[in-house]
Amino acid sequence: MAHPSQLGFQDAASPVMEELLHFHDHALMIVLLISTLVLYIIVAMVSTKLTNKYILDSQEIEIIWTVLPAVILILIALPSLRILYLMDEINDPHLTIKAMGHQWYWSYEYTDYEDLGFDSYMVPTQDLVPGQFRLLETDHRMVVPVESPIRVLVSAEDVLHSWAVPSLGVKMDAVPGRLNQTAFIASRPGVFYGQCSEICGANHSFMPIVVEAVPLEHFEKWSTMMLEDA
């Protein structure tokens, strides 16, 4: 959950998001070193009256400033490609959920069950109870078991939407007439908030996403209760 004045990412709640945070720190450190070096060179050139003839005409330094950026790009590209392939992998999901975007709410279908589906609307401000977050709470949460691979099929019924939950490292466009898929593993129990991340009309800001990760036995009780209510 993000909080005011937060500078970094939300705490990771999935293995992929942990990898993304590590890669972010890795890339940021490289950028910091490059910026420090460039700043030092600029200050040195401006503040000194001395001239080094070996810098003005030197094959060695030209080789260095050609090879070094290539090495830096490789150091960034290799872990980036690794995470890219990790995000695409969907190995034997334990549960498949279809998330359908509408103007302006989400509907969820648990396709492994015969008749388990519901619409998820934002809770109006006047109906919030203490402890709930304004513009982020929904009347029905998407409940998933922890430490289980979850596949999410994402589509839309009317216009472009985007199903995004930052702490799980998930963001997938919902395109009418097209079925996109993504996957995640919730590594700990908790309630994780997201929002539609594609401008989709007047009430774009009012279609939040709430994913609740619970132990498997609690998920089984919840699914049984939902099926009985249906």
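Every residue, even glycine, has its Cβ placed from backbone N, Cα and C.
Remember, predicted model here, so these are calculated numbers, not experimental data.
Copied over from TrEMBL:
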type     : residues : note
DOMAIN   : 1-91     : domain 'Cytochrome oxidase subunit II transmembrane region profile'
TRANSMEM : 27-51    : transmembrane segment
TRANSMEM : 63-85    : transmembrane segment
DOMAIN   : 92-225   : domain 'Cytochrome oxidase subunit II copper A binding'
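The domain 'Cytochrome oxidase subunit II copper A binding' (92-225): residue composition by secondary structure is 19 helix, 63 strand, 52 coil, according to DSSP. Helix, strand and coil counts from DSSP across the domain 'Cytochrome oxidase subunit II transmembrane region profile' (1-91) read 67 helix, 0 strand, 24 coil.
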